[in-house]
Amino acid sequence: MAAPPVVPGALMGTDGIDPRLHLTNTQEERVLSHEDNFDLYLYWAKRERDREDRDPRPVPDAPWIVLWKRMTGQGHRVVRPPSGTPDAVAVHDDNSSGSGSPGDEKTLEKSQAVTAQVGRPIADEGSDWSEWERHTAYHLLRTASWQAIFYMITSDILGFQQAPYSFYTLGIAPGCLVFTFLFLLAFAGGQMLWRMYMRLDSEQYPVTCYSDLAERTYGRMANVADARLLFNVGILITGQSTQLATIIEYKFCFIAIAIFWMLAGMIVGQIRSLRNFGWFTNLGIWLNLLTMVLVMVGIGVFDPVPSQSQHKDLSEPKSVSAWVPSYTKGWYMQQVGVQNIVYSYGGAMIFVEFMAEMRRPRDFWKAAFLSQLFCYLMYMFFGLYNYAMQGVYTSQYPSLDFQNRALQLVTNIIGLVTGGIAMCLYAHVGQKTIYQNVFRAYLRAPSLVSRRGKIIWPFLVIGYWLISWVIGVAIPSIATLGTLVGAAAILQFTYTFPPMLILGHWMQSDALEGEQPWEPGMAPGANRTDTWKQASRWKRGFRKYWYVKIALFLYFLAALANAALGIYSGAMQAKDGFSGHVIISFSCKTPNEGS
């Protein structure tokens, strides 16, 4: 009998819980306390990478390839552990007609039994689970290929709607330069996180989110990554509400529409399983591309809508600026364009969650590079085309800025679907991150799979969506909110924190040179010759490649300066919007509705 596929759900556990969180009580205490030393993480991570390199199991196909194989009657390969050795793995084709040996069948039954139980926390020492069974259950849950992660990252990052407005505020040449430069820096930041993950993650000490990297480097007080996704969901609530209000021609109160999206999120958020979410993210990418093509057709064929760009009519020429435009008010408007580009590349915060789902995390760099390159090309193509066609009439909502009602309806309905998918992704990951890193670490909440955890979850979901709704309707302007969030949150996780994290990581790693390597059986810290309270350790940590470390620190300071400028620009833009009654908090008036 053929073995079943390796657990349902390539990117989440069968009950919707991150499979990397199914730890023994002892493991969870170690992960949450972070009292062990840095060299323990390095030791176990190296062993984990060696095991992954020896693993001959095939990486599962991407969802679209699996669908094609099923439609064409092709078989796909699944895993069969043939012996009691954790690293011994065999491959079996589900179309093979031959029968295995009795020993293989017996081993297969045991493997299936282990796989069937992976939805519950792995038992503590002393239970009837063997070490091999715990090991097998743990590793069978990591199934995602780099192709599947490519779709997830692209779905997370791709949001082409803001690209034209960035060119509008910056001009063509500066816009191209900033888009290219920030693409390269965003890729570099993702690679820094990936390198840290590869050196810190292991079965004994799993890295499950961005905060874990910060805590392993600078301690628990560095765990500040949880709030950013709240703002992302708030921005999406604003965008979704604006699109829906425009579709129905402003015949319903904006704040009531925002409440509708909030309530919908609260209901959908009660579903704790995202095991089939990979299909929706793939679908979201194709729908995004379809929307982009339809919007380009609308912009190329039909006239702009004057009210979308705060114009009364179309009497002004469609001028396009090759350099910094003269029509923007104040230098801070260029900074608004920069922060919108920062927001366009935001997504590094949940890169670590994607790595934790991969069969071979060593391949993550491929997924990150290709997805970020794809998004960069789409932004450049769509943004330049839109700005060239509309000039000064370029708006924050390209799908609403052409005079064809039918095409507007189609593009915005598709946009509501893709926006809903993005909201679910951000909210679900954000809720689980907050539960694990705040509720569990500081409030000692129970496991999310426990009875008490299941009671707490609905209240967390309600609170999460309520706060996101308040953020969205308090500043109901995509450009303003995107500038503030881009500068205060997204810029930090994509550009500011990675160089500082890898700087601390390399300094700790280099400071270990000259000390006896840690080995199992040694007490934590027994191999240390000095501490960070002594200058000798700082000298060892800084001496090697000192010029690279200085460059990383300067990169960190430059990102902080850009963040400060972005926050100031967002505040100035909000001030202009509120003083001119363009932006009204908690109002029935839709932000893009004419006066």
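Here the Cβ of each residue, glycine as well, is placed from N, Cα and C on the backbone.
Positions annotated as domain 'Amino acid transporter transmembrane' by TrEMBL: 162-501. Annotation source TrEMBL lists region 'Disordered' at 76-114. According to TrEMBL, the transmembrane segment annotation covers 165-189, 252-271, 283-302, 364-387, 407-427, 455-475, 481-503, 546-568.
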For the transmembrane segment (407-427) and the transmembrane segment (252-271), decide whether they are in contact, meaning at least 3 CB pairs lie under 8 A, counting pairs 6 or more apart in sequence.
yes
Counting only residues 6 or more past its boundaries, what in the same chain has a CB within less than 8 Å of a CB in the transmembrane segment (283-302)?
151, 154-155, 158, 160, 378, 382, 385-386, 389-390, 398-399, 401-404, 407-408, 410-411, 414-415, 417-418, 421-422
So, does the transmembrane segment (546-568) come close enough to the transmembrane segment (455-475) to give 3+ Cβ pairs below 8 Å, pairs being at least 6 apart in sequence?
no
Test of understanding: applying the rule of at least three C-beta pairs under 8 Å (pairs 6 or more apart in sequence), is the transmembrane segment (481-503) touching the transmembrane segment (165-189)?
yes
Can you work out which residues elsewhere in the same chain, 6+ from the ends of the transmembrane segment (364-387), have a Cβ less than 8 Å from its Cβ atoms?
146-147, 149-150, 153-154, 157-158, 160, 163-164, 166-168, 172, 175-176, 179-180, 183, 186-187, 190-191, 194, 197, 289, 292, 295-296, 299-300, 320, 341, 344-345, 351, 354-355, 358, 394, 398
